[in-house]
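Report on the structure given below.
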Amino acid sequence: MSNPNAAASAQEKTPSYAWIALVVSLLAAISIVYAWMWLPAITFPVFKGWLGANCASVQADPSQFGLLSNVMGLVPIAALIMAFPASFVVRKFGPKVGTLVGLGLAIIGSAVCALTITSSFMAFLVGRFILGLGLAQTIVAGPTCVSIWFPNTTRGRAMAIWSIWAPVGIFTVNVFGDGIYHAVGQNLVTLLWVWTIVIVVIGILFAVVFRKPRADEASEVSAETKSFREVLPFFKKRQLWCLIFMFAIFNYMNYAFSQYLKTWLQLDPTAGGLGWDPAMAGLIGGALTACGILAPIGGFILDKLPRNLKYIAVVSGITGLTVCSALAFQNNMVVFVFYAIFFCIGNMFLNGCCRPMIPTYVFKGGATAVALGLSFLTFGQYLGQTITSYALEPFNASMSAGACDPMLAFWALVPIGVVGIIASLFMKPSKQDLAGGKPQGKPAENAQTK
């Protein structure tokens, strides 16, 4: 459902409060990243050693070490399950309440982890699952919060800025996570409570600061809700489904680097790593996995591309990530530099262009259509990440055994990247699409209202 008041002006001014709404929505998502991604920050070997020394259930049954991949794997599995229910919550209660529900679930999940990590590894995994539910709810509701505030002229860039939530969170937790872990006496219980408190504080800030736009502040994406039956016609686009499929592949590939890059950077050169100390590995590894912070540049380029060439931004991104995957985990500094360059190119375009393109395709369906579109995108995102933890387990095991085999990562990543490139090429608009009237993302002049 489009907003008729907003449709009256092709150059709608962005309300000043929209940027405040964007900031608190972004902080809400970032806060959950800390509770999600602290493990790669302290590295898998450290976590495994801590469990062996402090978790009663692991000490009683060492076979539970075989479940370690689930610590990271269960979060995207839960997010995958929650992707579509999240859109129902947004439709029923609105994006603000939807975000608060997500933060509440994340708080519960993180608290369960803190309360059970020394007694029951299985209960700890339940907490990780609940955390994943909260993550999905928040990242479906969060960009919907942004879309109802920003007009077409700035929405792409605003949603690209929101899309840096994971890169910023991963970077900061990689840089500071190990230091915080040592500051709390290398006590994982205390560390988990720290991340829980962070989510609580940000949740209170969001609840106080965020509000729906007033009538004179509303964007083309109406905050009013419609039934799912009313918005489903907006989902009959080949380009939209190719975007969702490609986004799943992007996250499958990217999650491998988020999980294993820092561990590999610290691995002894004789075992195939670069042999960096934890501080350097955290700084460089964190900076690389956070290169999605370049997303606003990708969003700006997307805005400047003509309508018939916007898909090229996505093609460029997935191609860059595929090339970087072919160069990854090689014990060679020159190769590592080129890996870093292509990794940044891939993340700049894919983080900056994929989410902003959802309202571009379905904006006439209002907040309900945007939330549903983001649910499909979130489903694809965590489907990809769920597979990563298990598909890359042989590579992770090779590092743990002190004999890193980069080809295990190559064959798990590069062929999938090629499939992603093919999917992105099918996002090219047809002649019928190009002849269909106004550019994508612009409101129809005869916008229909409920």
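Placement of Cβ uses the backbone N, Cα and C atoms for every residue, glycine included.
Automatic, uncurated: that is what TrEMBL annotation is.
Sequence annotations record features per position, and here TrEMBL assigns transmembrane segment to 17-39 (among others).
According to TrEMBL, the domain 'Major facilitator superfamily (MFS) profile' annotation covers 17-432. Summed and averaged per residue, pLDDT over the domain 'Major facilitator superfamily (MFS) profile' (17-432) gives 87.
The transmembrane segment annotation in TrEMBL covers 71-90 (among others).
TrEMBL lists 97-117 (among others) with the feature transmembrane segment.
Only residues 6 or more beyond the boundaries of the transmembrane segment (129-150), in the same chain, are considered here, and those with a CB under 8 A from a CB of the stretch are 14-15, 17-18, 21-22, 25-26, 28-29, 32, 35-36, 74-83, 85-87, 89-90, 95-96, 98-99, 101-110, 112-113, 158-159, 162-163, 165, 210, 212-213, 217-219, 221-223, 355, 358-359, 363, 367, 370-371, 374-375, 378, 382. If you look up TrEMBL, you'll see 129-150 (among others) marked as transmembrane segment.
A Cβ distance under 8 Å defines the sequence-distant neighbours of the transmembrane segment (162-184), meaning residues of its chain 6+ beyond its ends; these are 22, 25-26, 29-34, 36-38, 40-43, 139, 142-143, 146, 190-191, 194, 258, 262, 278-279, 282-283, 285-287, 289-293, 295-296, 299, 347, 351-352, 354-356. Per TrEMBL, transmembrane segment is recorded for 162-184 (among others).
TrEMBL lists 190-210 (among others) with the feature transmembrane segment.
The transmembrane segment annotation in TrEMBL covers 240-261 (among others).
The transmembrane segment annotation in TrEMBL covers 281-302 (among others).
According to TrEMBL, the transmembrane segment annotation covers 309-329 (among others). For the transmembrane segment (309-329), same-chain residues at least 6 beyond its ends with a Cβ under 8 Å from one of its own Cβ atoms are 239, 243, 246, 249-250, 253-254, 256-257, 260, 264, 272, 298, 301-302, 335-336, 338-350, 352-354, 357, 395, 404, 406, 409-410, 413-414, 417-418, 420-421, 423-425, 427-429, 440.
The feature transmembrane segment is assigned by TrEMBL to 335-354 (among others).
Per TrEMBL, the feature transmembrane segment maps to 361-383 (among others).
Cβ atoms under 8 Å from those of the transmembrane segment (408-427) belong to residues 238-239, 242-243, 245-246, 249-250, 252-253, 256, 260, 311, 314-315, 317-319, 321-322, 325-326, 328-329, 391-392, 394-395, 398 of the same chain, restricted to positions at least 6 beyond its ends. Positions annotated as transmembrane segment by TrEMBL: 408-427 (among others).
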Contact yes or no, the transmembrane segment (240-261) and the transmembrane segment (190-210), 3+ Cβ pairs under 8 Å, gap 6+: no
The transmembrane segment (190-210) in contact with the transmembrane segment (97-117), cutoff 8 A, at least 3 CB pairs, sep 6+: yes
